[in-house]
């Protein structure tokens, strides 16, 4: 009974903290962007402008929830939910700290990959159901971008899997007690991070949205909380990728004793979230064909090579 | 466990029926995705988590996205539905239906015969899958890899595009 | 690849730069004296209206936001009966200031003219008229005009010769 209670508490607490974090990221992102662009950012509402989160959420809630008459209504409504659901489901496998973990899936990484590949549907269906040329173009770009980068994402993780000998994220964290995998798998780390940016279609790779070309891409027709779902889904995606990088390459909750494990995890994750925002502040958006060419012609060979070398070294050390 | 199994199998059957009966291709594909998800749960229940996840990643995550991708590009509308209705005459579908009915009867017969002995569900770990694939079935894996490579090379060849010079003044720069 | 890392690094260095933002209601940006803001009507050094109602500003205005009606007082000095500027239309181009022959209409460095009601943006003469001389202190149009409008008699202005006695035969 007590175990079930803690289990439910873990789930509820995780959900609550994730959604709060995603909402807070609105503020964090705007303040940090301002910091890197010599501005101040939102600083009026509340202390340090923190209430902008409340204001933004209220604004989203009270806007007209417009479903275009020319859209495919059912699909149009489902699409934003898919994004949030898949991202939140991916969080179930992430070990935040030794005790705070929802499921210790023995194929955790694969589950994460499956969920991120299902997340493509939100973009594809959202863009298609809007029945709008810009949305359709955004959806096409999003689908091809995310499918191709999933390949490198999966392959770049295989090095980690080889080193730790398990798909379970907890075992992977435990395997990093001596040295973090970023030291052994720097190439895998970089490729996973790049693929992660493309998966969450964040700013250097926000080609599905590309406001200078496609209005707002796949969510042009979305308003109110449906847009809010895409918005929150994107921030949750950032958090997810950062958390995955932390668990897979930076030793998860492991760290010196003076801080509790959960703090180490949060610190590392937050550093990566900030790096996401820094990338947004500093890099221009590549062209669509450049992105695809970069993926297939540079990242894929490098990933395969990395896989080959890692496998060879692991075999050598075993014998 | 049994209840979960039955629920997901019912979902799989219902969604597959919906795939066949939907007129709109994208709706049909959505039901197909649901069916894949349900089948993945079924496979997981049967003790093969690796295959279940692969079903999700490859079929539901990649191939169906490509299907939807094509659907979106085809711009199917009312006319295509009418056209389909015209094509769907009894003489076209009776043959396949009869043949598959025979198969169904065979399947039911086999299932009713084999249900007497209990199959013990053995967990198929990722390690076991890998050891089988790269042990006894290595040549099959390599053959599949060769086939895929051929496919990629073919796609790259088809997708190759010549640089078109938009103006004669630009010819020198491009050569 | 190197350039990407370099640009990320350079962007992160911007964290320590001085902020470009001026927090408006508390701190205000220093405006130049020739900043084109709110339009005012100025007065002579002796406190009379400078505007002579020539309609040049209304003619020069590209958005037709100036409306006025000229009239004369008992000294035949022209002045506007009403002078109306619709600031919801005004684009602050400053053409009226350039067109004005008497330096009456001037744009001053003040932009805080927001209103909740759009009608309040239509400024009448009493709203526009200030008690000072604006950017050109000491200038009095009727002092140099050669016209007797109660400011000076004929021939008593600056750079003005006394009027010729047309009945005399002397050169």
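Each residue's number is its place along the chain shown, starting with 1.
Backbone N, Cα and C define each Cβ position, glycine as well.
Per TrEMBL, transmembrane segment is recorded for A:6-28, A:40-62, A:74-97, A:109-129, A:149-169, A:181-198, A:227-250, A:262-282, A:294-317.
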Under 8 angstroms for C-beta pairs, at least 3 of them, ignoring pairs fewer than 6 apart in sequence. Is the transmembrane segment (A:74-97) in contact with the transmembrane segment (A:181-198) by that rule?
no
Give the nonlocal contacts of the transmembrane segment (A:227-250) in its own chain as ranges (CB under 8 Å, at least six residues past its ends).
18-19, 21-23, 25-26, 29, 57, 60-61, 80-81, 83-84, 87-88, 90-91, 94-96, 109, 112, 119, 122, 126, 157, 160, 169, 172-173, 180-182, 185, 188-189, 192-193, 196-197, 199-202, 219, 265, 268-273, 276
Per Cβ pairs under 8 Å, the stretch of A:6-28, A:109-129, A:149-169 packing most closely against the transmembrane segment (A:294-317):
A:149-169
Check for me, if you would, whether the transmembrane segment (A:40-62) reaches the transmembrane segment (A:6-28) - at least 3 Cβ pairs under 8 Å, residues 6 or more apart in sequence.
yes
Looking at A:109-129, A:149-169, A:181-198, A:262-282, which one has the highest count of Cβ pairs under 8 angstroms to the transmembrane segment (A:6-28)?
A:262-282
Using a Cβ cut-off of under 8 Å, list the residues of the same chain at least 6 residues beyond the transmembrane segment (A:181-198) that approach it.
145-146, 149-150, 152-153, 155-157, 159-160, 163-164, 172, 175, 204-205, 241, 244-245, 248-251, 276, 279, 291, 295, 299, 302-303, 306, 310
